[in-house]
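Under the heading compositional bias 'Polar residues', TrEMBL lists A:229-253, A:264-289, A:387-407. Marked as region 'Disordered' by TrEMBL: A:172-200, A:217-290, A:379-407. The repeat 'TPR' annotation in TrEMBL covers A:101-134, A:536-569, A:570-603, A:604-637, A:706-739.
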Amino acid sequence: MEAILVDCVQNSLRHFMYRNAIFMCERLCAEFPSETNMQLLAGCYLHSNQSYAAYHILKGTQMAQSRYMFALSCFQMDLLNEAEAALCPPNEPGAEIPNGAAGHYLLGLIYRYTDRRKTAVHHFKQALSADPLMWTAYEELCVLGAAEEATAVFGEAAALCIQKQYLPHGSASQSLHTSTEDRGLASSGNFCPGADDASPRQLKHMQGNNQRDIPGNYHGATALGGAASQPSNGGSSNISFYNTPSPMASQLSGVAPPPLCRNAQPNGPNQSIVTVDSSPRSTVNSTIQAPRRKFVDEGKLRKISGRLFSDSGPRRSTRLSGDAGANSNVSATMVVGNGTSNSSKYLGGSKLSSMAFRAVTIRKVQSWTNENIDEGIRNETFDDSRTNVTSTTSSLSPSGDTKSLEQEGTTIPISGGIMNGSKVISGASEILGLLRTLGEGYRLSCMYRCQEALDVYLKLPHKHYNTGWVLSQVGKAYFELVDYLEAEGAFSLARQASPYSLEGMDTYSTVLYHLKEDMKLSYLAQELISTDRLASQSWCAMGNCYSLQKDHETALRNFQRAVQLNPRFAYAHTLCGHEYVALEDFENGIKSYQSALRVDARHYNSWYGLGMIYLRQEKYEFSEHHFRMAFQINSRSSVIMSYLGTALHALKKSDEALVIMEKAILADKKNPLPMYQKANILVSLENFDEALEALEELKEFAPRESSIYALMGKIYKRRNMHDKAMLHFGLALDLKPPATDVATIKAAIEKLHVPDELQDYL
Amino acid sequence: MATESSEGEDEGKVTGGNPVLIVEDDLREMGKKAAWSVSSCKPGNGVSSLRDDNLETYWQSDGAQPHLVNIQFQKKVKLQLVVLYLDFKLDESYTPSKISIRAGDGFHNLKEIKTMELVKPTGWVYLSLSGNDPRETFVNTFMLQIAVLSNHLNGRDTHLRQIKLYGPRPNPIPHQPFHFTSREFINYSSVR
């Protein structure tokens, strides 16, 4: 009965019928209470986005997989202390982190959100070294500012790591297949280290099926693997092999990687989930949850169904298809959808044409592997992805990026056993090559070296460049370079490539805000809200729309909604801060900016916002400190530099101020502001000639800027060159400044005449 | 800001009123930062009705004329426009007919800056505080006092349904002598 129930639950999970799965699983747990079954039940709940249920079920459990899933639920419920305690029990300092790379990734996230940056960085690095295809770990490192160059991270060592994962597995699988059913059981038993021994009967069932098919496959694999077939070795290698997939799962949104069980399954299922991960962390949170769950369950399923190789297939394929062009978020959904189809189908469906050749190899593999090798097992959603396995061979592709597609090349040793050593190597190198480019580009944009980042992204092959994620990153890079027109172009292409994706759309709305395109902005906001009412980015866009129309109170409400939906989204906090400042509520503005900095200490916009508040409040030293922090993070921004200069000037350190202004002028030729500020400083230093020179230059740049003429008029007035002053004041007035300026200028004009009048009377 | 006909320096007559409240973009409401008080009121129709954005509620005075609304700021602010919502059809003899606006540092040195005669106003009545001189666009003051000197049909007490106070928007970039007008300057002037 237990076997049937388990099978039923896994089947339901595969088909996304969560309510059925939960119900049947509860019967299973009631009839056969065991920790494995509890894990399965928790997995069902996690899949259907009810992490609180998983939390209560798994509270106090000790198995590695349970601890991992428990930590995952805690993380989703924002109980970071408990999550940390589950993954790193305080009384067992030497305990191994469950689920290897995935566990490290989850721990890294926990440390990051509890402000322990160094430890977080350490764990992300561990995760990456355990699973080089864990893109989200690298992303987190970039955001924390601690990423090494992509060439180093996704380089030789990574390639070797990937190969080790696949090749030994192949040999192991051979051994498995060739072994008797017992061995198979043993190995399968090995595969799921954390799980209670799934009923050997179940395993046997699967094994029985698989073994028929697999031996054939394994032959090929054996040749490749060339490893001694020792069931135990195979088992263990399998296990380790499987481990890597889990990290990928974690990519999903930084949420804990799929449970250890995945280990058993080759990257397949994980991978698919992983792709989902590629989406930005902040936005991913909500979306990722779903995919992750899947993994968790899958792992369990695998254990239970005893299907050894099912994982790799479906997941990978889904991932691959998912990767094609979609943001990771999208891919998640894609993966899910694809889950059921065979990997081959995925291949066909996947947009990535590059996969084509891989598809060929995979298809070949598929033909060998008849059934459901793993795929079905792991991914609930992907049932019988035997063929998937082949597609998942690329399994290494947890790195959500399109790179995962490349993984196709690496045949999954498990699935079809067809993984060729050479294929693994070539596939791994392709994936790593793609990851290298993307990683380097992302790292450079996090360091705000945007022009270099753009150059790196241009090196991508066309099909990868024209994907939502990459185009969004390109848009962000242009945004940071204050080239709003190009940014707008890139973002609109990104919308076309993946209209359902929300990553980067908050930046797009800010670009439209700067360009004052209220029609496009309101259209974007409406579209985003109708796509996903529960995403922070949609409400950020809506808020920007209202802010553009100067309705700051409504804009603030919208940004607060965005904050409520995702308190870990730093930009929403920053935008709240900007609105508070516009409403002149500086106290709350400071609080908002500080919340943003708590989430992401490298969010230079918040440092800038704080600097501006202190500048307004005339607390110049604070202001200078904050602008300097912003400058340290983003040293290419001429805007930050010019404000730093203004603050320095207010502190009477005018020489330093002028130096910084010069730097700012050089940093961005198109920015007229530093020159204007320089003129301001020179005027207050009574250095009128240089000031006039600077302003004359500036006139060429921006001939229709009234403040230039106004300032020049002021200088001529001080110099007593009244006719020139009159001329410039007149020009300034012609350019229609706002009423306050009109008043000031006219007052100045009146005062101009007084000396003349006095002279007349004399 | 329509339907305002101010002739002469101090006095002007206003007839009717605007059903909608429209102000220029470069003005913003300043009343939130002020302390509002009134010379007298009937219980239930107090000073809060003047600022609740509800045109159904009104302030009703309960004493001798002139009835005063005092608006005090913590720092000197530039004010440009006062807008009142009055309704002769509903309030009849409670509708003010002569209004005087005074400004100064406090109760001891208020000086009249504007008077207005209203004839059967219904709707928003715009009272600009600017002088003719462009230098006098704003009134820079700590305190503003709106005095109701007399009502229609010689009523004793008065109803005021809503008061809004407008001044210029501050320069979005601090420590700038002048506002920026061109797109290039504005784009680079802040980080969002």
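The chain as shown is numbered from 1 upward.
Including glycine, each Cβ sits where the backbone N, Cα and C put it.
Note that the structure is predicted; figures quoted are calculated from it, not measured.
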Within-chain partners of the repeat 'TPR' (A:536-569) [C-beta distance under 8 Å, separation at least 6 from its ends]: 113, 281-283, 285-286, 502-506, 508-510, 512-513, 516, 518, 521-522, 524-525, 528-529, 575-576, 578-580, 582-583, 595, 599
Secondary structure content, the repeat 'TPR' (A:101-134) (per DSSP, counts of residues): 27 helix, 0 strand, 7 coil
Secondary structure content of the repeat 'TPR' (A:570-603), with strand meaning DSSP E or B: 27 helix, 0 strand, 7 coil
Model confidence over the repeat 'TPR' (A:570-603), averaged pLDDT: 94
